[in-house]
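**Student:** Got a structure for you, written out below as structure tokens; questions coming shortly.
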Amino acid sequence: MEKNGNNRKLRVCVATCNRADYSKLAPIMFGIKTEPAFFELDVVVLGSHLIDDYGNTYRMIEQDDFDINTRLHTIVRGEDEAAMVESVGLALVKLPDVLNRLKPDIMIVHGDRFDALALATSAALMNIRILHIEGGEVSGTIDDSIRHAITKLAHYHVCCTRSAEQHLISMCEDHDRILLAGCPSYDKLLSAKNKDYMSIIRMWLGDDVKCKDYIVALQHPVTTDIKHSIKMFELTLDALISFNKRTLVLFPNIDAGSKEMVRVMRKKGIEHHPNFRAVKHVPFDQFIQLVAHAGCMIGNSSCGVREVGAFGTPVINLGTRQIGRETGENVLHVRDADTQDKILQALHLQFGKQYPCSKIYGDGNAVPRILKFLKSIDLQEPLQKKFCFPPVKENISQDIDHILETLSALAVDLGGTNLRVAIVSMKGEIVKKYTQFNPKTYEERISLILQMCVEAAAEAVKLNCRILGVGISTGGRVNPQEGVVLHSTKLIQEWNSVDLRTPLSDTLHLPVWVDNDGNCAAMAERKFGQGKGQENFVTLITGTGIGGGIIHQHELIHGSSFCAAELGHLVVSLDGPDCSCGSHGCIEAYASGMALQREAKKLHDEDLLLVEGMSVPKDEAVGALHLIQAAKLGNVKAQSILRTAGTALGLGVVNILHTMNPSLVILSGVLASHYIHIVRDVIRQQALSSVQDVDVVVSDLVDPALLGAASMVLDYTTRRIH
């Protein structure tokens, strides 16, 4: 209690609505109960817990030895959309009296259910602090809207995954009030060991059932497409009947459409079928043993994509209800579960497999983190929550200073040798540029980027430039959605799995975009260069390596794993020289600056490089420019090497033309002017006649990487899209 400055126990109200949220809240409740010196626990039970058709699951809370302070009957029967709305309204009518009586310091609310929305709304309007469990996640249904609405009402957030944490930050929630703890249920899942699991299996599925030889099915209605979800449930039952394995079917939740799903079960005689056991509720301790030892789980419950991964049990996820969730390799998605055969094939593929344990959603230590977080809450702090919005003008009316400001971006280019930061105007003018040697270690590099950006932002104020955001161009494979460098090039050391967005955004309080340098060059051409107004074009960068970017229908193509446009690694020869990627015969192995330097050194070592009018100082390394100079001065061998390099690049372009059929190819970088004529010749000789009319040009942009990085920021401000 000394930690938060409170001079009394923290009164915590945990409100639970159904069997699913109790499985997440129970570990926290047990943790609170073990620390009576710090906490007082009040338990409020409402929703489907109190309905007989759904198993009267409030009894399991009593069996766990929790005193239920209040039972609220809040469900309006009908199982349709109107009934859900009326249930929220009924809860809003009843909750104020309860909260006035309990007077909690903080209410813990879980997830994305309509009951939880009523709880959060009531607490927020009554100035009660709210701790929201599992915010920031994405499922792909109406639940997302409810979950994010609760996030906006909540004062504190406990999330389960790094992505969820980033989503909360993107939603402008206060970083200091977000805890990445993992899922509380994983504390139980990862320690769940029951030697007598066979007795649990026999109790629910019969004496003749073996471990890993049965299925658990749990499917809920999709409230935005009830008709389709009922049809999908019917197909699922038909497939399970045909698959002919013992199956435990749990009744659906109370959402709109659940009544129709139960009718489907009864129409098909599932409750009396010898291969099926239909149940309204299974206690969580027993349920985890059942899924842990099942041959497969099928349905669309979040339990399948979240909790079951802890055991490596195969899961078949049907439809779109969990389409946005992060999943382990144990999950097979059947998004268009529109035929019985498709579902049956999925059962044949998954049943009986065993996958590694997945810890995407937790490591088993969530509850201690949450209790520590609760203890840190200072009740003396103002209740009003703060949002971390990017800086914007407070006054929307125009004044002369606003009109005279230059809308600009901070652009960062992480090259193999140098680190550059520039202030770039909306017109593509580089107002000021800073250059430093790129450090070799991760810590030094991040520190230098932050230092240079802070200095540039301060200078921008003096130059009357309004910085709208930060764009970063870097070598390697980049996930632009998360702002993370996944894998770097060999030229940039210690640069794998690096989150660039968060430290810069936290320091500068500006939005940050990150992308691969080849993609940035293509975006620069689209906004400022010869690609402006072009629907389809390809940019090839010729420098130390070979990179590129593809614009298709005005949009940049990233590919399914952010690996599109690795054009330098198109193979143009089966027995060509080794490439830095580990393959051989790539364009980069012939036409990059590194490749030309390699050939220049060979010639120099054999005294075949220098011709009359040339010299290389002893302290100067032989490089590509010496090879080019020798070729210009008539060195036949140097000319042959350049011709081979240009031919390799040309063959790569031909492959691109035959694949993408762009109307324009832009060669960029220091070597572009030396290759342009050779590339055009190769196209005339090797390409199909239908693509030979393509325009192949040399870029006229001086700093495409910086301009492309800036364009990510400047495009966002004008188009208002990410």
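Just so you know, glycine gets a Cβ as well, placed from its N, Cα and C.
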**Student:** Would you identify which residue of ARG101, ARG113, ARG129 Swiss-Prot lists as part of the UDP site it also attributes to ARG19, SER23, HIS220, ASN253, VAL282, SER301, SER302, GLU307, ARG321?
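**Tutor:** Answer per Swiss-Prot: ARG113.
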**Student:** According to DSSP, does GLU271 (CMP-N-acetyl-beta-neuraminate binding site) fall in a helix, a strand, or coil?
**Tutor:** helix
**Student:** Where HIS281 (CMP-N-acetyl-beta-neuraminate binding site) and GLU307 (UDP binding site) are concerned, what is their Cα separation in Å, rounded?
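**Tutor:** Distance (Cα to Cα, whole Å): 17 Å.
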**Student:** Nearest to ARG420 (ADP binding site) by Cα distance: which of the binding-site residues ASN253, LYS259, GLU271, LYS280 is it?
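**Tutor:** Nearest listed residue in space: ASN253.
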**Student:** Could you state, as a whole number of Å, the largest distance between Cα atoms of any two of LYS259, GLU271, LYS280, HIS281, the listed CMP-N-acetyl-beta-neuraminate binders?
**Tutor:** 16
**Student:** Among the binding-site residues listed here (ARG19, SER301, ARG477, GLU566, CYS586), which has the Cα closest to the Cα of LYS280 (CMP-N-acetyl-beta-neuraminate binding site)?
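**Tutor:** That would be ARG19, the closest of ARG19, SER301, ARG477, GLU566, CYS586 to LYS280 (CMP-N-acetyl-beta-neuraminate binding site).
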**Student:** What's the CA to CA span in angstrom from SER301 (UDP binding site) over to ASN516 (N-acyl-D-mannosamine 6-phosphate binding site)?
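**Tutor:** Cα-Cα, rounded: 37 Å.
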**Student:** Could you check the binding-site residues ARG113, LYS280, HIS569 and say which one's CB has the fewest neighbouring CB atoms inside 10 Å?
**Tutor:** LYS280
**Student:** Rounded to a whole number, how many Å is the Cα of CYS581 (Zn(2+) binding site) away from the Cα of THR417 (ADP binding site)?
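**Tutor:** Here the two Cα atoms are 19 Å apart.
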**Student:** Neighbour count, 10 Å Cβ-Cβ cut-off, for LYS259 (CMP-N-acetyl-beta-neuraminate binding site): what number do you get?
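**Tutor:** So the number of other Cβ atoms within 10 Å of LYS259 (CMP-N-acetyl-beta-neuraminate binding site) is 17.
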